[in-house]
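A.B. asks: So TrEMBL lists the following for this protein:
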type	residues	note
TRANSMEM	A:20-49	transmembrane segment
DOMAIN	A:20-438	domain 'DUF112'
TRANSMEM	A:109-135	transmembrane segment
TRANSMEM	A:147-167	transmembrane segment
TRANSMEM	A:316-335	transmembrane segment
TRANSMEM	A:355-378	transmembrane segment
TRANSMEM	A:390-409	transmembrane segment
TRANSMEM	A:429-447	transmembrane segment
TRANSMEM	A:468-488	transmembrane segment
Amino acid sequence: MSAFDFLLQGLGTAADPMMLLYALIGVTLGTAVGVLPGIGPALTVALLLPVTYRLDPAGSLIMFAGIYYGGMYGGSTTSILLNTPGESASIITALEGNKMARKGRGGPALATAAIGSFIAGLIATLLLAFLAPWIVKVALVFGPREYFALMVLAFVTVSAAFGDSALRGLTSLFLGLALACVGIDQLTGQARLSFGVPELLDGIEVTTMAVAMFALGEALFIAGQRDQAEDEVTAVKGSVWMSRRDWARSWKPWLRGTVIGFPIGAMPAGGAEIGTFLSYATEKRLTRHPEEFGDGAIEGVAGPEAANNASAAGTLVPLLTLGLPTSATAAIMLAGFQQFGLQPGPLLFATNPTLVWGLIASLLIANAMLLVLNLPLIGLWVKLLTVPKPWLYAGILLFATLGTIGANPSSFELGMLLGFGVLGYVMRLFGYPIAPIVVGLILGPMAEQQLRRALAISQGDWTTLVQSPIAATLLAIAALALIVPLILRARGKGEMLSQLAGEED
Amino acid sequence: MKQFVLASLFAGAVAVPAMADYTIIAPANPGGGWDQTARTMQTVMQEEGISKSAQVQNVPGAGGTIGLAQFASQNNGNPDALIVGGYVMVGAILTNNSPVSLKDVTPIARLTGEYEAIVVPAASSIQDIQGLVEALKADPGAVSWAGGSAGGTDHIAVGLIAKAAGVDPTKINYIAYSGGGEALAAILGNQVTAGISSLGEFEAQIQAGTLRLLAVSSPERLEGVDAPTLQEAGLDVTLENWRMVAAAPGLSDEQKAKVTADIEKMAKSENWQKQLADKGWMDTWLAGPEFDAQLEKDISATEAILKDIGLVK
């Protein structure tokens with residue numbers, strides 16, 4: 001049988017009414033946990049693993065697939081509506097998405113996220129189905145020096161999230177980088193900046209930090225503004241649905257986001273966040289409406305959301321082709337495979353084609369199910385903004401705390417959540433952007449470890465960083481992205497840039 | 001649905017002590033070996049009627065030492081509390097200078113174990129373990145090893161191999177990865193000279209011919225594994241990455257005996273054996289004074305090698 005026949009057969013299995021029910025349960029659970037800040041899909045799948053023990057392999061895998069995609073999607077809803085990312089991969093979505101929601105365009109923002117997620121999920125799942133063995137070969141070429149170059153590129157693009165002031169953006173970024181140094185140094189096993197506190201040995205949890213900075217900081221900020229003029233939040237202005245113009249501005253970012261997110265997700269050390277950073281930066285560079293960025297540009301939601309879901313499919317490439325779980329959720333799915341006596345690995349496609357294609361088919365079904373579930377819900381979600389603020393933010397605080405404690409039951413973690421919440425409030429108060437600090441916390445350790453690994457392998461020879469063509473190319477792109485705008489600005493004192501932007505419009 | 005999620009999360013994550021017979025702490029994130037061990041114990045204990053509603057709680061961090069410290073301080077004299085741990089914890093306690101050690105809990109039994117495997121990419125010019133040892137002797141820095149976290153089982157094994165080969169263990173070029181297959185990806189991608197991890201992690205790749213197995217760290221040859229032991233290769237190294245279960249500190253002898261009997265009943269059940277076979281885990285059951293003696297021996301040997309590598313002062 002050819003791959004295509006297998007896929008059709010898999011779709012046949014997955015279209016069984018019982019299977020569709022499992023898929024529905026999966027995507028609903030996934031969306032729910034994605035929405036709750038701090039609780040990730042990994043914990044949900046782990047909790048459900050004993051339950052699925054009694055189900056057949058096909059049914060439980062379909063449910064896992066639903067949770068996985070649902071979780072990736074659900075994080076965006078709270079990002080957009082409440083400026084509270086449920087997962088670290090939807091941090092970037094909050095930048096433009098929440099601005100849109102505040103202007104009454106929450107509906108189109110949620111719609112472009114949902115449809116973008118669907119399209120990216122669809123394309124990426126098909127790529128997974130037909131190109132996985134080739135993509136994984138490319139992904140394996142990425143060693144420490146290539147990853148380091150990719151991180152450098154990601155760092156350069158962070159400036160896209162700085163807002164108006166580069167100084168404030170950099171301050172926030174370096175604060176994040178400093179916090180990233182806390183904990184056991186992975187390469188030597190020695191503790192850094194942990195001051196003898198055992199809870200700090202594992203470093204600062206990114207989700208705790210993100211939830212604190214965004215959710216708690218936001219809640220405090222809103223509470224602090226109580227007596228001032230009522231915020232200009234409008235629940236719905238115009239249609240809840242995307243206009244023709246929204247579609248025209250969204251479809252290219254969806255495709256570009258997919259192209260960026262999928263390969264990075266497939267890299268064993270890539271991760272979902274980097275794809276969203278790069279996608280956001282790309283959209284900001286290419287947009288015809290640069291003036292809207294930072295103030296609710298739909299491209300800034302469409303691209304990163306597509307990248308986020310494409311990378312979720314990408315993560316399954318190394319899992320299915322090599323048996324490499326590159327995310328916590330993938331690791332638990334691997335445990336799920338083993339529960340049914342299957343060993344994912346290079347031979348899985350050959351030895352268990354029915355199951356692999358069944359999983360891929362269930363991903364396609366789960367993806368479609370998500371769209372069906374979420375598009376009608378948009379109208380309902382947007383109503384969330386009309387909930388009186390005290391109620392809404394009290395609820396956010398409750399869920400943020402519950403999620404953090406659920407994932408990491410320790411009073412120290414709770415203290416950190418509150419401490420960073422206050423920091424987030426103070427930063428908002430003085431106009432420092434929040435995203436760079438979280439980005440620094442995510443990228444800092446990755447870049448440091450990859451650089452040190454590269455240097456350890458080359459025994460201290462720095463030229464190793466430019467000896468690989470891929471690394472050299474990525475570094476060159478990063479250098480161009482940094483230097484070209486500076487030169488343009490120096491020449492025309494910004495005139496050329498604004499001229500360029502003006503011409504295109 | 002949301003209520004169901006919350007309820008199940010609440011039950012799973014913030015276990016309600018009144019409902020649970022046994023609460024099993026997995027001192028790691030969901031998905032890892034300890035978490036899987038704890039969840040398998042939970043399933044088998046419930047199905048064998050040993051515990052009506054066993055709960056698993058994840059307390060991740062710092063090689064299990066966070067979970068261990070929390071477990072020891074909160075459960076003194078509680079006969080219903082269990083914690084999963086293993087060899088990695090022994091090293092982590094030493095490198096992290098943890099105030100709480102395995103002496104502060106009541107070790108019950110060793111449950112499963114895995115041996116270490118030394119591999120090279122299929123494209124490597126190194127054909128056997130002797131070839132690798134010669135390269136190591138010629139220039140220790142030029143041989144890069146990919147493995148799990150610094151100070152963990154894999155790192156300790158490389159230190160022991162170097163020492164047995166007469167190479168200064170502080171000179172080894174060990175590249176630590178945070179599990180999750182990253183190390184395997186580096187080996188497959190030809191980024192490093194050699195790789196070291198539990199045999200199970202490499203098995204599928206060895207079968208597919210993308211990795212070459214050079215040696216295993218077991219005392220005798222393993223059934224169905226086509227590779228010599230390190231001892232056969234003239235390196236006096238055996239190492240087992242074992243997983244154990246411990247009970248709370250301050251238990252009376254009767255309480256300890258009851259817990260041991262429950263765990264033994266679980267480990268001897270057909271159900272447990274089937275789970276081990278499904279997951280490819282080895283049954284390395286050891287309890288009582290023999291286990292205590294083995295634990296003592298492992299701790300002192302680990303401390304010695306970590307000092308040699310320079311990770312523990």
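Including glycine, each Cβ sits where the backbone N, Cα and C put it.
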A.B. asks: Name the range, of those listed as A:147-167, A:316-335, A:390-409, A:429-447, that has the largest tally of Cβ pairs under 8 Å with the transmembrane segment (A:468-488).
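C.D. replies: Counting Cβ pairs under 8 Å, the winner is A:147-167.
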A.B. asks: Find the member of A:147-167, A:355-378, A:390-409 that has more C-beta pairs under 8 Å to the transmembrane segment (A:316-335) than any other listed stretch.
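C.D. replies: Going through each listed stretch, the top one turns out to be A:355-378.
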A.B. asks: Residues sitting near the transmembrane segment (A:147-167): Cβ under 8 Å, six or more positions beyond its termini, same chain?
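C.D. replies: Sequence-remote neighbours of the transmembrane segment (A:147-167) are 92, 95, 173, 264, 267, 269-270, 274, 277-278, 280-282, 284-285, 293-294, 431, 433, 435-436, 439-440, 443, 446-447, 450-451, 454, 465, 470-475, 477-478, 481-482.
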A.B. asks: Taking the domain 'DUF112' (A:20-438) alone, what is its mean pLDDT?
C.D. replies: 82
